[in-house]
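**Student:** Heads up, here are the entries from TrEMBL:
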type     : residues : note
TRANSMEM : 16-39    : transmembrane segment
DOMAIN   : 17-465   : domain 'Major facilitator superfamily (MFS) profile'
TRANSMEM : 51-71    : transmembrane segment
TRANSMEM : 83-105   : transmembrane segment
TRANSMEM : 138-163  : transmembrane segment
TRANSMEM : 169-192  : transmembrane segment
TRANSMEM : 204-225  : transmembrane segment
TRANSMEM : 231-250  : transmembrane segment
TRANSMEM : 289-314  : transmembrane segment
TRANSMEM : 335-355  : transmembrane segment
TRANSMEM : 361-385  : transmembrane segment
TRANSMEM : 406-427  : transmembrane segment
TRANSMEM : 439-458  : transmembrane segment
Amino acid sequence: MTAVAPGPSVLHHPRLMAGIVAVSFFMQALDGTIIATSLPAMAADFRTDVVDLNVGFTAYLLAMAVCIPPAGWLADRLGARNVFLGAIVLFTLSSLACALAEGLWSFVAARVAQGVGGALMTPVGRQIVLRNTPKSELVNAIALITWPALIAPVVGPVLGGWITTHAGWRWNFLLNLPIGALGATLTMRFLVGGEREKARPFDGLGFLLTAGALALVLIGLELLSQEAGRRMAGLVVLGLAVGWLAMRHLRRAPHPLVDLRVLSTQTFALASLSTGTAARMVINATPFLLPLLFQVGMGLSAVETGSLMLVYFLGNLAMKAATTRTLRHLGFRTLLVINGILASGAVAAFALVDASTPRPLLLALLFGAGLTRSMQFTALNTITFADIEPAMRSAATTFSSMTQQLSVLLAVAMAALTIRLSVLARTGTADAAAILPDFHAALAMMGGVGILVSLRFLTLPRDAGAEVSGRGPASLRAAESKPLG
């Protein structure tokens, strides 16, 4: 793809660059949540069963799994901006193909193309932001590109239900067309990062092992979250075994697909591996569990549930303005521990909510949970890249994208598994319908895990990410105007 000269002033406006990337991220994140309420209508049009539509979601996950690992290599080879623009165009056109699909298999083919576009869009978009953002602006930039992942799971189902009811399910996909066109136009006009870096050989074996491991784990977790897939845990185990082989190969290969030396950076390793994945699991579980609590557990209508989730959404938005000041005052370590305990405690507190809970108290809890969730997500995603050296940014964004994709499915799988175990303990059979205590059990479990994980951030140095938070020495902050790349 031929590079188009970007506007000359974008480097001086990192928030503009992050905002452009966020537009495309929002399109992808919204697409993943908005169509859940459309499945019955889609199944009726395709003359198939709702369960059969899962093949479309599985195909999307497989495409993501295959294409995330080589994203960094492609960005270095072809230019990050060129790959990002191509991903936006591919995702947008495949959304149109989804909307025009007349049968199940044409829909599946379009979802595969969407998965390819989405897999390239996320890590490469992050790489562009990291490469061109001064450390003094990194918190604000990361806050901008993470809000789609916070907001889309909250507003997507409500918006999707409304669109499906009043306009038809195809408009859920057509909604991506103006968003994608805007993202592509802004990318061509303003984004930098079209330069190609020194080419390195393609690690074919590393690609096969990494993509295979990610595919097995993602599909296994997706099946585990469904009642019919409880016996598919073997896929996850097999995926972990292949993942071990992939890690072993990547550590020894002369030109690895993903350079694991990035894990020698303490802040990145902590925020991307077990601790960060578990923390993100708790963050991602609440948009899945709360609607179930309200609708299935408490018997509220879809409209009432949507109204309550809107308060949660407002809490997520309200914290954005205070994120930078709070980080500067507390630093990453203190904030991740204290706010992590508060955010996880709010999740656990929903285990005490029932139909008799005073509505003002429930609204306050939802708003507070949204505030702390937003703060934790932004701080965690910022510390992930705070100390990454320029040479490692490609590996960092690719590796982080893989673990973050895992955390989303892990959240749903673990929440669903906890609900099913609670049903089994309560009734003696896992096939009985879940009721309020079962959702309470899942929320309490997630909150407890979150509190324990938050304490792990005490292992961070006191000055972790000091240059980024603004708590570092003046001599360091004087150099913050230099971009990360």
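Any Cβ shown, glycine's included, is placed from N, Cα and C.
Automated prediction, rather than curation, is the source of TrEMBL annotations.
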**Student:** Could you check if the transmembrane segment (16-39) is in contact with the transmembrane segment (361-385), meaning 3+ Cβ pairs under 8 Å among residue pairs at least 6 apart in sequence?
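**Tutor:** They do not touch: fewer than three Cβ pairs between the two stretches lie under 8 Å.
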**Student:** At a threshold of under 8 Å on Cβ distances, which of 51-71, 138-163, 169-192, 335-355, 406-427 pairs most often with the transmembrane segment (439-458)?
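**Tutor:** Maximum Cβ contact count belongs to 335-355.
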**Student:** Counting only pairs 6 or more apart in sequence, are there at least 3 Cβ pairs under 8 Å between the transmembrane segment (51-71) and the transmembrane segment (204-225)?
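**Tutor:** Contact between the transmembrane segment (204-225) and the transmembrane segment (51-71): present, because at least 3 Cβ pairs are under 8 Å.
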**Student:** Where, among 83-105, 289-314, 406-427, do we find the most CB pairs under 8 A to the transmembrane segment (138-163)?
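**Tutor:** The listed stretch sharing the most Cβ pairs with the transmembrane segment (138-163) is 289-314.
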**Student:** Take the transmembrane segment (83-105) and find every residue of the same chain, 6 or more past its ends, with a Cβ under 8 Å from one of its Cβ atoms.
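**Tutor:** The answer is 1, 21, 24, 27-28, 31, 46, 48, 52-53, 55-56, 71, 74-75, 111, 113-114, 116-118, 120-121, 124-125, 128, 170-171, 173-174, 176-177, 179-181, 183-184, 187-188, 191, 193.
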